[in-house]
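So the structure is just underneath, and the comments pick up after that.
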Amino acid sequence: MKNTILILFTAFIALLGFFGMSAEALADPVADPLAGPNAEADPEAINWKGIAAMAKKLLG
């Protein structure tokens, strides 16, 4: 029984890592999942909204 729980827990953590869940996302379940990346939580995150706004501005 203990081994089964350990295996399931390990598989759960592996799936979270596979799908790119961060510790910040798990720690804050109230956060809006459709919001852009939090620059404070991940300084290397790509700011897609900023890139889209700049492309729209450049292309007219």
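All positions are counted from 1 along the displayed chain.
Each Cβ is built from the backbone N, Cα and C atoms, and glycine gets one as well.
For the recorded site, LEU59 (leucine amide), the DSSP three-state label reads helix. Feature annotation from Swiss-Prot assigns leucine amide to LEU59.
Marked as repeat 'AXPX 1' by Swiss-Prot: 27-30.
The repeat 'AXPX 2' annotation in Swiss-Prot covers 31-34.
Summarising the annotation, Swiss-Prot assigns repeat 'AXPX 3' to 35-38.
The annotation repeat 'AXPX 4' is assigned in Swiss-Prot to 41-44 on the grounds of a curator's inference. On the 0 to 100 pLDDT scale, the repeat 'AXPX 4' (41-44) averages 63 in the predicted structure.
The annotation signal peptide is assigned in Swiss-Prot to 1-27.
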